[in-house]
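These features come from TrEMBL:
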TRANSMEM  12-31  transmembrane segment
DOMAIN    32-503  domain 'Citrate transporter-like'
TRANSMEM  60-80  transmembrane segment
TRANSMEM  103-132  transmembrane segment
TRANSMEM  182-205  transmembrane segment
REGION    303-347  region 'Disordered'
TRANSMEM  363-395  transmembrane segment
TRANSMEM  407-425  transmembrane segment
TRANSMEM  450-473  transmembrane segment
TRANSMEM  493-517  transmembrane segment
TRANSMEM  537-555  transmembrane segment
Amino acid sequence: MHGIHRTSKVVLGCVAFGIFWVLAVFPTVPFMPVGRTAGSLLGAMLMVLFRVISPEDAYAAIDLPIIGLLFGTMVVSIFLERADMFKYLGNLLSWKSRGSKDLLFRVCIVSAIASALFTNDTCCVVLTEFILKVARQNNLPPQPFLLALATSSNIGSAATPIGNPQNLVIAVESGISFGQFLLGVFPAMIVGVLTNAAILLCYFWKYLSVEKDQEGGQPAGPEVVADDEVTSHRFTPARMSHVSSLNPDDMDCISEPIIRSNSVRSTSANENLRSRSVNSEADIQLAIKSLRASSMSHEMVEVSTVTDRRDEGASSRKFTRTASQQRSVIIEDSPPSPASNGDKEKEDEVAEKRWRVFVWKTAVYLITLGMLIALLMGLNMSWTAITAALVLLALDFTDAQACLEKVSYSLLIFFCGMFITVDGFNKTGIPNTLWELVEPYSRIDSAKGVALLAVVILILSNVASNVPTVLLLGTRVAASAAAISHDSERKAWLILAWVSTVAGNLTLLGSAANLIVCEQARRAQFFGYNLSFWSHLRFGVPSTIVVTAIGLLIVTSY
C-alpha cells in the first residue's frame, strides 16, 4: 500500500512539474495559453492538491531573501531609468562612432557592463529600440546589433549576483559574497564578451563592410533617422510598445502619420505640461520649446494678414508669408508684447525645475553607488537592495504608487510558484535518482568531469530554463564538490552560474533577455524587425560553445 502511495506521488508530482515546464517554456500553447506566471501558480497548486508537498512546506519553499533582492533591484532600476541612466548609455553607443564595426563593438561592451549592474532583462528592454534606430540611421542591418545586445547582455549578467535571477539564487543559496562572486566570474565575463564580439565581427564582416550610399553618404528615404530623434529617445522599461510592426518594404507609407503625430504633439504640449511633472532633461527641453511656441503663436495672431495699399485704394490683398518672413514682420512692426515678462518668469521656473532635477538625479546615482559599495563590502544583499529602494522612494517626495506600479510583480509571483513546484518535484526523488547516475562522471576535480557537468547544465538550461536548472542542480553540485574541498564547492557554484547564464545564448528560447529583444524589435514603432529563431540559432550555437569553454578555463583556475 505504501509503495502504491509512493508511486502515485511520483507520477502526480511529475504531471504537475510537466504542466509547469510546458507553460514556462511555451507560455502560449494552444490548449492553455495562460502564460508563465499562471503556469507557475498552477504547478504549485497541483503539487499541494496532489499531496506531493504539504501547504506548510509549500510556504517554506518560497525563498524570501531572493524575492526581496529581486524587488529591491527592480525598484532601483526603475529610478535609474527615470534618471536617464539608460539614455546616457544609449548616447554613448553613437558618440563619435567610427563605423559599423566600432558600433557593434560598443554595443557588446556597453550592454555587458549595463547588464552586470542593472540586470540583463532591463538592459534589453531599454536599449533595443535605440539600437534599432541607430542601425537604421546608418543604413546598417539590424540583425548583428540585436544579436550583440542579446548575447552580450546574457554574458555580462554572469559577472555579478544582481545580473540575472539565477545568479541571485546562487548567491543566496551558496553564501558567496558579492566581491567573491565578482572576482570569480568577472574575468571570464570580459574575455567572453570580447570573444563573442570577435565571433560577431567574423560572422557579419561582409554585411558590416557594405558602404552606405555611394553618392550622398546618407541613406535615402525613411531609413534615415534624424539625429535629434535618436538623442532624445525616451526609454520606458516598464512598458512595451504595442504598435504593430512594420516590414522594411512598408516603410514608404509612414511619412504622413509621422507628420500628423508631430502636429498633434505640438498642439497638446501645454496641456501635457500641466498634467505631469518634469522628470528629465528631455521634459525640460520640451517645456522650453512649448513656452516659446505659445508666445510666438500669440504674437503671430496680431499680424495674420498684411494689406497692400496702392494709391490709397480701398481694396486690400492677403498673401501668405513664410515662417521666417513672419518672424521678421513681428520683430520690425509689432510692439513689445506685455506677455514677455510672464514668459521670463516661466523660463525662470523651468530653470529652477532643471536644478531640482539635477539634484534628484545626483541623489539617485549616489544612492545606487552606495548600494554597490555595500554589496562589495559583504553586507546582506537582500536587505541592502531593499534599503536602497526604500531610500529612493522616500527621497522622491511623491506618491510611490506610480513607481511601484512599474515593478514586475508577475515575475515575483512566478518565482514563488516556481519555488514550490521545484521543491515538490525534488520530493518525488526523480532529480536525485538522475543525479546519482551522472554524479560520478561529473566531478569538478577533472577536466572530463567539468566538461560533462557543463554539458548537463547547458542542455537542462535550454530544456527546463536556467532558474529551475539552478534550483534542481545547485545543492547537488555543491554537495558533490564539497566532498573534494571547500574551495571546490565555491568553484562549483561559480561554474553553475557561468554555464547556466551563457547557456541562454544557445537558442532564442534559452533566455528571457533573448525574447525581450526579439519582441521589442518586432513591435518597435516604424523600425520593426523580426529576429527569427533560426537566425539566432545559427549564431548562438557556435558562440555559446566557444564562450562557455573559454570561460570555464578561467573560472576553474580561480
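Cβ coordinates come from backbone N, Cα and C, glycine included.
Note that the structure is predicted; figures quoted are calculated from it, not measured.
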Where, among 103-132, 363-395, 407-425, do we find the most CB pairs under 8 A to the transmembrane segment (12-31)?
-> 407-425
Would you kindly check 103-132, 182-205, 407-425, 450-473 and say which stretch has the most C-beta pairs under 8 angstroms to the transmembrane segment (537-555)?
-> 182-205
For the transmembrane segment (450-473), find every same-chain residue at least 6 residues outside the stretch whose CB is under 8 Å from a CB in it, and list them.
-> 21, 24-25, 164-166, 169-170, 415, 418-419, 422, 425-426, 431, 435, 438, 441-442, 444, 495-497, 499-501, 503-504, 506-507, 509-511, 544, 548, 552, 556
State the residues, same chain only, that lie 6 or more residues beyond the ends of the transmembrane segment (182-205) and have a CB under 8 A from a CB inside it; answer 'none' if no residue qualifies.
-> 101, 104-105, 108-109, 112, 116, 141, 143-144, 147-148, 151-152, 155-156, 158-160, 176, 376, 490-491, 494, 497-498, 502, 505, 539, 542-543, 546-547, 550-552, 554-555, 558
In the predicted model, what is the mean pLDDT computed over the domain 'Citrate transporter-like' (32-503)?
-> 75
